[in-house]
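Engineer: Dropping a structure here in structure tokens format, bear with me for questions.
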Amino acid sequence: MAKKPTALIILDGFANRESEHGNAVKLANKPNFDRYYNKYPTTQIEASGLDVGLPEGQMGNSEVGHMNIGAGRIVYQSLTRINKSIEDGDFFENDVLNNAIAHVNSHDSALHIFGLLSDGGVHSHYKHLFALLELAKKQGVEKVYVHAFLDGRDVDQKSALKYIEETEAKFNELGIGQFASVSGRYYAMDRDKRWEREEKAYNAIRNFDAPTYATAKEGVEASYNEGLTDEFVVPFIVENQNDGVNDGDTVIFYNFRPDRAAQLSEIFANRAFEGFKVEQVKDLFYATFTKYNDNIDAAIVFEKVDLNNTIGEIAQNNNLTQLRIAETEKYPHVTYFMSGGRNEEFKGERRRLIDSPKVATYDLKPEMSAYEVKDALLEELNKGDLDLIILNFANPDMVGHSGMLEPTIKAIEAVDECLGEVVDKILDMDGYAIITADHGNSDQVLTDDDQPMTTHTTNPVPVIVTKEGVTLRETGRLGDLAPTLLDLLNVEQPEDMTGESLIKH
């Protein structure tokens, strides 16, 4: 007899917002979502700030969202941990950071700092760079070179000059530090093995072959004149006495989110790197704020805090089968992040990875691989052996990042079509679905004056539970979704999962 599956369906980057202006969620024709919304119990929950372990007012993101969802509790994020360590002064006593700087002093070499230069708070925060500069000053380091990656995605598209000016003011205040290279994140922070992009950033960082400008500001302004926004600034070298990353130097990469920092780190700190021909740096001390992946030989500044009793582990302990399914862009989120930072499958878990389309930007193909994800899931459901499904549709977020309204509307409409087939199939099997999101984005893709808005939002996300006859609590947070799943599965909630089921009892 076929099992009755319970599914968590995450519409990535899909939140509630009253105004229709620039709101693809409201403007899209989504008959299936609306049908479930009108028929079944609904509520909305918080997906940003303190509710997900981020600083107050900080927008959520997919990594944080899936970590909180899977853990069933508030998970204090790297950003919050690092901020706290700087405030407490522990940061300046950190062994790894002090060893990194001791390496510079003992080799009479240079300190290179890599990172995304913005206050977006998704991958990094430039105030962490300032703390590193203060530490270097205290320890008497003379040669400090900043390799800045420009954002324009988690912050305004053309905001780089503000961060550059503030950083240069910090250089002047401390009497150390200068920009050595500048790259748009499109090049320096790829995550899809597009090595031809990373190679451009690498060449600028190593001071090999890249355009050169007298100042960081001059290079960015020249890029603006060519019609480029921050994200797409072609890597360039800033003229100074720096001759790139050399033998005996130290690199500290201050991005705390791994997925877009891993590839560049592999080029420098993975001896087996094969993406393109590189000249290895000898005796390089390479430190990263968090662990990016197992291939990178790096000292870790902030070690991971282990999370036990995530939704996947509880399913395993109760002999339940589970499926994790998404396309490439969100596959790490339904696996690694949903499992609290664990790569290995649980017993009874299987995974389906559907390739994301190879296009320059997803507004060119708003449906992405949603139909293929849907087909793969229907195939899995037909096996009749699943207890728990965790599914992510990437489109509202990935297309929302383009800041283009029409493609984002199309993205949501494609997802809605797939949602209808999937949920109806689950209902036919006497199963349940929770339809929700991990953070906002597509709910606002234009600013009030019609400029593209490519960032996430702090708006609450909807929750639909396809079980008639129950009432949902009026508010909650992402950490309440796993307890709600356990409630539907009739599985006891362990003590360290401190969220509460959204179903009133």
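Cβ coordinates are placed from backbone N, Cα and C, and glycine is handled just like the others.
Annotations for this protein, taken from Swiss-Prot, read as follows:
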- ASP12, SER62, ASP438, HIS439: Mn(2+) 2 binding site (BINDING)
- SER62: active site, phosphoserine intermediate (ACT_SITE)
- HIS123, ARG153, ASP154, ARG185, ARG191, ARG257, PRO258, ASP259, ARG260, LYS330: substrate binding site (BINDING)
- ASP397, HIS401, HIS456: Mn(2+) 1 binding site (BINDING)
Engineer: According to DSSP, collapsed to three classes, what secondary structure does HIS401 (Mn(2+) 1 binding site) have?
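Structural biologist: In three-state terms, HIS401 (Mn(2+) 1 binding site) counts as coil.
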Engineer: Which three-state DSSP class does SER62 (Mn(2+) 2 binding site) fall into?
Structural biologist: helix
Engineer: Within 10 Å of HIS456 (Mn(2+) 1 binding site) by C-alpha distance: pick out those among the binding-site residues ASP154, PRO258, HIS439, and say none if nothing qualifies.
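Structural biologist: Checking Cα-Cα distances against HIS456 (Mn(2+) 1 binding site), the binding-site residues within 10 Å turn out to be ASP154, HIS439.
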Engineer: What is the nearest of the binding-site residues SER62, ASP397, ASP438, HIS439 to PRO258 (substrate binding site), using the Cα of each?
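Structural biologist: Of the binding-site residues SER62, ASP397, ASP438, HIS439, SER62 has its Cα closest to that of PRO258 (substrate binding site).
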Engineer: Between ASP12 (Mn(2+) 2 binding site) and ARG260 (substrate binding site), how many Å separate their Cα atoms?
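Structural biologist: Pair distance, Cα basis, whole Å: 18 Å.
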Engineer: Which ones, of the binding-site residues HIS123, ASP397, HIS401, have a Cα no more than 10 Å from the Cα of SER62 (Mn(2+) 2 binding site)?
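Structural biologist: The binding-site residues passing the 10 Å Cα test are ASP397.
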Engineer: Quick check: with ASP397, HIS401, HIS456 left out, which same-chain residues have Cβ atoms within 8 Å of the centroid of the Mn(2+) 1 site Cβ atoms?
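Structural biologist: Leaving out the recorded residues gives ASP12, GLY13, ASN61, SER62, PRO396, MET398, GLY400, HIS439, ASN441, SER442, THR454, THR455.
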Engineer: If we check Cα distances from ASP154 (substrate binding site), which of the binding-site residues ASP397, HIS401, ASP438, HIS439 wins as closest?
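Structural biologist: Comparing Cα positions, the candidate nearest ASP154 (substrate binding site) turns out to be HIS401.
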Engineer: Taking each of the binding-site residues ARG191, ARG260, HIS456 in turn and counting other Cβ atoms within 10 Å of its Cβ, which one has the fewest?
Structural biologist: ARG191
Engineer: Here are the binding-site residues: ASP12, ASP154, ASP397, ASP438. Which has the lowest count of other Cβ atoms within 10 Å?
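Structural biologist: Taking ASP12, ASP154, ASP397, ASP438 as the binding-site residues, the minimal 10 Å Cβ count falls on ASP154.
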Engineer: Take the mean position of the Cβ atoms of ASP12, SER62, ASP438, HIS439, the recorded Mn(2+) 2 site. Which other residues of that chain put their Cβ within 8 Å of it?
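Structural biologist: Surrounding the site, in chain order, are ILE10, GLY13, ALA47, GLY60, ASN61, GLY65, HIS66, LYS330, HIS333, ASN392, ASP397, ALA437, ASN441, HIS456.
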Engineer: Would you find the one among the binding-site residues HIS123, HIS401, HIS439 whose Cβ has the most company, meaning other Cβ atoms within 10 Å?
Structural biologist: HIS439
